[in-house]
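Noted in TrEMBL for the protein shown:
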type	residues	note
ACT_SITE	Pro2	active site, schiff-base intermediate with DNA
DOMAIN	2-112	domain 'Formamidopyrimidine-DNA glycosylase catalytic'
ACT_SITE	Glu3	active site, proton donor
ACT_SITE	Lys57	active site, proton donor
BINDING	His90, Arg109, Lys152	DNA binding site
DOMAIN	237-271	domain 'FPG-type'
ACT_SITE	Arg261	active site, proton donor
Amino acid sequence: MPELPEVEVSRLGIAPHLEGEQIATVVVRDRRLRWPIPDAVEQLAGARINEVERRAKYLIVHTDKGYLILHLGMSGKLRVVPADSLVVKHDHFDLVLSNGQCLRFNDPRRFGCVLFSREHPGIAHPLLVELGPEPLTEAFTASYLHTKAQGKQQAVKTFIMDNHVVVGVGNIYANEALFKAGIHPKRAAGRVSLARYQRLVPIIKETLIAAIAQGGTTLQDFTQADGQPGYFKQHLNVYGRGGKQCMVCKTELTEIRLGQRSTVYCKNCQR
Ligand SMILES: [Zn+2]
């Protein structure tokens, strides 16, 4: 599943090809995504694209006629290709540009979405209005997390994965960041000290930045017809390593389910 770093790299890959261009037409081959593609997207014909923004795992295409909202779901991919290039299975949607190129959305599992909003979706769309801060902005700090966690019995791992608290900390990143910070994933969020959140927050940021930097090497793939901008291989200390030795202390790593998500930790290194 694409996580925040993959979505950010998708934005970096497509934005230079879209910004400043005009939309000629919109092609909907199959509306049946997670939510049906609304007729309103057709209003974007003739619009000028000003900017491509990312908010959580949504991409927002700003135009002078409204906002296109894209989500990659489980298996969505975006490419910029000539508008007349061969259409393959699951190419559900094209945003055709006046320069002959198009932004093409392919999604075999159809959990992604293509939506329209007249106003900026950050203030007007129900999917986006209640999202917490972006993890890579100055709004996401240890004191913010510590204040937000006051009195919460919820496990700290579930807490940092809650999009209302902070967006884009997926399961792999939550497992890895808690290991590096030495925090037990089941510890109540309200019983993690400010000092420990001060250790955790930069680790979350560094982990996401490293993944985005790694994905930067795949940017040209967005304009290749067979390009498959992939999921970034990363060095993992705990995720997927339940039952194996901790890389720090050699203790056998424990794997549990927490909020239905695989959770791996070292009972010696994480308290
Ligand atoms: Zn250990």
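Cβ atoms are placed via backbone N, Cα and C, with glycine included.
Bear in mind that the values here come from a model prediction, so they are computed numbers and not experimental data.
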Among Lys57, His90, Arg109, Lys152, Arg261, the one of these recorded positions whose Cβ has the fewest neighbouring Cβ atoms within 10 Å: Arg109
Pro2 (active site, schiff-base intermediate with DNA), number of other Cβ atoms within 10 Å: 22
Alpha-carbon distance [Glu3 (active site, proton donor); Arg261 (active site, proton donor)] in Å: 15
Rounded Cα-Cα span from Glu3 (active site, proton donor) to Lys152 (DNA binding site), Å: 26
Residues in the domain 'FPG-type' (237-271) grouped by DSSP into helix, strand and remaining coil: 0 helix, 12 strand, 23 coil
For DNA: widest Cα to Cα gap among His90, Arg109, Lys152 in Å: 43
Inter-residue C-alpha distance, Glu3 (active site, proton donor) and Arg109 (DNA binding site) (nearest angstrom): 16
Cβ-Cβ neighbours of Glu3 (active site, proton donor) (radius 10 Å): 19
Lys57 (active site, proton donor) versus recorded positions Pro2, His90, Arg109 - nearest by Cα: Pro2
Between Pro2 (active site, schiff-base intermediate with DNA) and Arg109 (DNA binding site), the C-alpha gap once rounded to whole angstrom: 13
Helix, strand and coil totals (DSSP H, G, I; E, B; other) for the domain 'Formamidopyrimidine-DNA glycosylase catalytic' (2-112): 21 helix, 46 strand, 44 coil
